[in-house]
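Here is the structure we will look at, set down as C-alpha cells.
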Amino acid sequence: MTLTLPTNHVRDESVDNGSFDTTNPIAVRKYLRTYGRMPPAVETYKTQSLRCLEQLESKEKPIEKYIYLSNLKKTNTHLFYRLALDNMKEMMPLIYTPVVGEACLKWSEIYQSPEGLYISWQDKGNIAAVLKNWPADHVEITVVTDGSRILGLGDLGINGMGIPIGKLALYCACGGIRPDVTLPITLDLGTNNKQFREDPLYMGTRRERVTDEEEAEFLDELMEALVERWPGIVIQYEDFKNPFPSLERYQGKYTMFNDDIQGTGAVIVAGVINAVNSNGVPIEKQRAVLFGSGSAAVGVAKQIVQFFMTEGLTEDQARRCFWLVDTKGLVTDDRGDKLAEHKVYFSRDDNKGKQFKSLLETVEYVKPTMLLGLSTVGGAFTPDILTKMGVWNKHPIIFPLSNPSSNSECTFEEAMKYTKGRVLFASGSPFPTLEYDGKFHTPGQGNNVYVFPAIGMGAILSKATTITQSMIYASATSLATSLSFSEEEEGWLYPAVERIREVSVSVTLGVIRAAQEARVDREVRIRDMSDDELEGWIRARMYDPHHESRQIEKEIKAMVSGLSLASRSSSSVKLNGAGAGAVTPPVREERASTRDKSHVPSTWL
Ligand SMILES: NC(=O)C1=CN([C@@H]2O[C@H](COP(=O)(O)OP(=O)(O)OC[C@H]3O[C@@H](n4cnc5c(N)ncnc54)[C@H](O)[C@@H]3O)[C@@H](O)[C@H]2O)C=CC1
Ligand SMILES: CC(=O)C(=O)O
Ligand SMILES: [Mg+2]
C-alpha cells in the first residue's frame with residue numbers, strides 16, 4: 001500500500017497562529033482579512049486573559065477545563081501558552097497529571113479534532129509514507145507512546161494520545177521549544193484493554209496487542225523513518241509497558257531517551273539529593289525501599305546509585321542500599337520465580353532464605369530511611385507504614401510517585417499526619433499546601449516535568465547526536481541546585497512550579513555542558529562560551545509566547561505600513577469591504593529544509 005499526499009494538504013495556519021486574537025490591532029486584522037469577522041474591540045492581553053480564566057473557572061469539572069484548554073491551544077496557540085506561563089500552578093494539573101489521566105480514559109468520548117500522528121500496525125512497511133502526511137517540514141522533537149502503560153492507568157491503546165500531546169505542551173511551556181516544531185505520536189498496535197476494544201466509540205484498531213518481537217520490528221522502522229524525514233529529531237519514548245529493550249537498542253544510535261526510566265530517575269535523584277541533605281543520615285546509612293519494580297522504579301534506583309557513588313560509596317555498597325518490592329514481595333535471588341532482567345541488578349541475596357511477601361513485611365525488615373512509591377497502587381502507604389516510618393526516622397523521606405493522584409501511594413495530608421509533620425515529601429501528582437501545627441507546608445512535586453523539557457531542549461540546542469547518561473544525570477544535579485534562597489530556607493525539595501521556566505534554563509545549560517563534555521554535541525559555536533554567555537544564548541532561543549504575539553503584530557504592522565507607503569506612491573493597493581484597506585498577505589516564506597543533518601532548528605534563529 002502506498003499513500004499519496006492530497007495536493008491541498010497544508011496546515012491551515014490561520015487556525016493556530018492567532019489570526020483571530022482579540023489583541024490584534026485593526027491594521028493587522030485588515031491585513032489578515034479577519035477584520036469584521038470578529039468583535040470590533042481591540043483588547044489588551046490582560047482583558048483577554050481575564051475572559052479565558054473566567055471561562056475556565058466557570059467549567060465545573062476538570063475534564064471540561066481540559067477540553068476548553070485543549071481547544072484554546074488549537075485555535076490560539078500563543079494565547080494558550082501565555083496563559084500557561086502566567087498561571088503555571090493552576091494550569092499544569094489541567095493539561096498534565098492528574099487531569100490528562102482522566103482525558104486519556106475518556107479520549108474516545110471527548111475527542112473533537114486531530115492533533116498528532118496515529119501510526120497503526122497495518123502501516124508497517126509504509127511508516128515513512130505516513131510521516132510524510134505530517135504537514136510540518138521542520139520537526140525538532142517528538143514524544144512517542146504505544147499507549148500500553150499510560151500513567152498508572154494501564155493499557156489505554158490509542159487513548160494514550162493525551163500523553164504525548166500533554167508532554168509536548170510542557171516542552172513548549174516549560175522548556176521553551178516552539179509549538180510548531182513538536183510532533184505527538186501514538187502507535188496503534190492493538191490494545192489488551194478488552195473494555196476499549198468493545199467500546200463502540202474506541203478509535204483504535206480492535207485487536208490484541210502485537211507481540212514484543214513484532215513491536216520491536218515496528219519501532220526499528222519508525223526510528224529510521226523519523227530521522228529520514230527529520231534528521232536530528234529528538235525522540236522521547238513515553239509510557240511503554242516494557243521500555244528497557246527499546247532504550248537499550250536505540251540510545252546509542254539516535255538522539256533519544258526514555259522519560260519514564262531516565263527522566264524520572266533524574267528528577268527523583270534531584271529530590272533525594274536535597275532530602276538527604278536535610279534528613280541528616282549519612283549516605284552509607286541510607287536504606288531505600290522502592291514499592292514497584294518497573295521502569296520508573298529501576299530508573300530511579302539506578303540513578304540514586306550513581307549519586308551515592310559520587311558521594312564516595314562503591315557501586316556494590318550503593319546498590320545494596322536498595323530493596324525493591326513488586327507484586328510478589330521483596331525482589332530476592334531465591335524467591336523462586338524468574339526475575340525480569342531489569343530487576344536482577346537490585347535483587348537481594350542477603351535475605352537468608354526468608355521471603356517478604358508484602359510491603360509491610362519488607363519495611364519492617366529493612367526499616368528504611370526512604371520509601372518511594374512507583375507501583376501504581378493508590379493508598380499502598382498505609383497509616384501503619386507511615387507511622388512506622390515516622391518512628392524509625394526523625395525526617396523520613398516519603399515519595400508516593402505514582403500518577404495520577406488516585407494512584408498516589410498516599411496523600412500529603414496522610415504523610416504529614418502519621419509522621420507528625422516531619423516527613424520530607426514529594427509526590428508525582430500535585431497535592432495542595434496544608435496547615436499543620438499552625439504552619440503552612442507545601443509538598444514537593446517529584447515529577448519528570450522538571451527535567452524532560454530541558455533534556456529535550458539541551459539535546460536540540462547542542463545538536464546532540466545521542467543523549468548520554470551524563471546528560472541525564474546533569475539534569476538531576478542542575479535541578480537539585482536550582483532552589484531559590486527562600487525555597488531552601490523553607491526546606492523545599494523542588495523549586496516552585498511557577499519557576500519551572502527559569503529552572504529549565506539552568507537545567508538546559510547543565511545538559512548542554514554534559515553533551516559537550518561527552519563530545520556528542522555538534523553545535524561548535526557555543527563550546528567556548530562562558531556560562532553567562534551560554535545562558536543568554538539559551539534564553540534567546542526559547543519560545544516566548546508573549547514576545548511571539550507582539551512580534552507577529554509588529555511584523556504585520558511593518559508590512560502594512562510598508563505597503564501603505566508604497567500604495568500612496570503607486571495607488572495600487574486594492575480597497576476591500578466597507579472602506580477597509582485590506583491587502584493581500586504575501587506568501588509566507590518556506591522554512592529552511594531540515595533534510596540535511598546540520599539543519600538549524602527554528603529555536604536557533
Ligand atoms: N512521578 C513521576 O515523574 C513518574 C511517575 N510514574 C508512575 O510510576 C508508576 C509506575 O510506572 P512504571 O514503572 O513505568 O510502570 P511499570 O508497569 O513498569 O511498573 C509498575 C511496578 O509496580 C508493581 N506493582 C503493580 N501492582 C503492584 C502491587 N499491587 N503490589 C506490588 N507491586 C505492584 C509491578 O510489579 C511493577 O514492578 C505509574 O503510576 C506512573 O504514573 C512513572 C514515571 C514518572
Ligand atoms: C509522569 C510520568 O511520566 C508518568 O506518570 O508516566
Ligand atoms: Mg510517563
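Cβ from N, Cα, C; glycine included.
According to TrEMBL, the domain 'Malic enzyme N-terminal' annotation covers 73-251. If you look up TrEMBL, you'll see R149, N403, N447 marked as (S)-malate binding site. As annotated by TrEMBL, active site, proton acceptor applies to K167. Annotated divalent metal cation binding site per TrEMBL: E238, D239, D260, in sequence order. Summarising the annotation, TrEMBL assigns domain 'Malic enzyme NAD-binding' to 261-516. Sequence annotations record features per position, and here TrEMBL assigns region 'Disordered' to 573-605. TrEMBL lists 587-599 with the feature compositional bias 'Basic and acidic residues'.
In terms of Cα distance, the binding-site residues that sit within 10 Å of K167 (active site, proton acceptor) are E238, chosen from R149, E238, N403. On a Cα basis, R149 ((S)-malate binding site) lies 11 Å away from D260 (divalent metal cation binding site). For ligand 1, none of the recorded positions lies close by, meaning a CB under 6 A from one of its atoms; the full candidate list was K167, E238, D239.
For D239 (divalent metal cation binding site), other Cβ atoms within 10 Å of its Cβ number 26. A count of other CB atoms within 10 A of each Cβ picks out K167 as the most crowded of the recorded positions R149, K167. Spread of the (S)-malate binding residues is 17 Å (greatest Cα-Cα distance among R149, N403, N447).
Cβ-based neighbour count (10 Å, all protein chains) for D260 (divalent metal cation binding site) stands at 25. Listed in sequence order, T97, P98, G101, L151, G152, G428, S429, N447 are the same-chain residues at least 6 apart in sequence whose CB falls under 8 Å from the CB of N403 ((S)-malate binding site).
Close to ligand 3, meaning a Cβ under 6 Å from one of its atoms, are these of the recorded positions K167, E238, N447: E238.
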